[in-house]
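One structure is given below, encoded as structure tokens.
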Amino acid sequence: MNKSRVLIIYTGGTIGMWPSASGYVPQGGFNELLEQRLNKVSISALQPFDIIELDKLIDSSNIVPADWATLAELITLHYDKYDGFVILHGTDTMAYTASALSFMLCGLSKPVILTGSQIPLAQPRTDATNNLLNAIEFAREPNNQEVCICFDGQLLRGNRAKKVHTSSLRAFASPNYSPLGQSGIQIKLFDNSTKSIEQAKNTQNNTSQFKTPNCGTEHIAQLHLYPGINDAQLTSILDNPDIKGVIMLSYGAGNPPDNNQCLMSLLETANNRGVVIVNLTLCHSGQVIQGSYATGARLNQLGVIPGADMTVEAAYTKLLFLLATETDIEHIKELMSSPLCGEMTL
């Protein structure tokens, strides 16, 4: 039986970094590094695969939305030639990239797996080898038809994952959605990774439904509420005429300080101006339910959209994507309240 063909896209990140006088930096020639560091048995297990590198490698802390469009366009360009895709990426913003790609490539019929490492491939005790081997194996699973993160033996839905630890080899978690699979003696996909019959009907084998818009970052802001937040800080975000969308992080199940009249007034004015405001929780896990408490219920009256259990990464990239592809604000609000590709639970 012929093995599925995989395209590996190397973007930079810790996995391919080398030490320099100023710290670890991305370095080209990942294919040569792979041959140096992996034995023949491992290389044989990876085959057949091809590797392409971005012209300019990225430390993921420097990634911008235009880079997400570049990756989506690369996958679109090579979509018919490969059965699965692996993106090697820095861990710091991997969840943002996975979320963005899930919306740009919504409806894809092949696996797109992001992975990286906490320790460079060139260093002893690296976790890069297992992460890469596992990612390629998951990229060969035909039933795995979505954008995922594979890290430390876990396969996570990309738009549900987030980086949760700075130094642990289990750097990623999916607080509100169980893993899609795991690697042990065998590679295993769980039931929640298999598309329903209805979802499968909407899956297309071509790239016509993919969208790679030019997303602008200047139109969306994040507002983290905290005790004592002052009027000037609120005004700088909510009264900014250039802002088209706001991701607001509030307490508990979506509760703002409703006795802060400046905040309430600015939210109402911004909503009336057409700003799309999405309310997420500051908690690590759980769901926003505006109306559980009177403070949260006030937001419903002001037109604030409850973000359910979306991660910040998913909500930000979803809103960025919708503002770049849709023009009707009310329709954008409806779409922000509905799951497009498994990013939220209603």
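Backbone N, Cα and C atoms are what each Cβ position is placed from, and that goes for glycine too.
Same-site candidate for substrate binding, as annotated by TrEMBL with Thr91, Asp92, chosen from Ser44, Ser60, Ser109: Ser60.
Within the same chain, the residues at least 6 positions away from Ser60 (substrate binding site) whose Cβ sits under 8 Å from its Cβ are Thr11, Gly12, Gly13, His89, Gly90, Thr91, Asp92, Thr93, Met94, Thr97, Gly116, listed in sequence order. The maximal spread of the substrate binding site, taken as the longest Cα to Cα distance among Ser60, Thr91, Asp92, is 7 Å. Residues Ser60, Thr91, Asp92 make up the record's substrate site, and a Cβ search at 8 Å around their centroid adds Gly13, Thr14, Asp59, Ser61, His89, Gly90, Thr93, Met94, Gly116, Lys163 from the same chain. The residues of the domain 'Asparaginase/glutaminase C-terminal' (220-336), classed with DSSP into helix (H, G, I), strand (E, B) and coil, number 50 helix, 21 strand, 46 coil.
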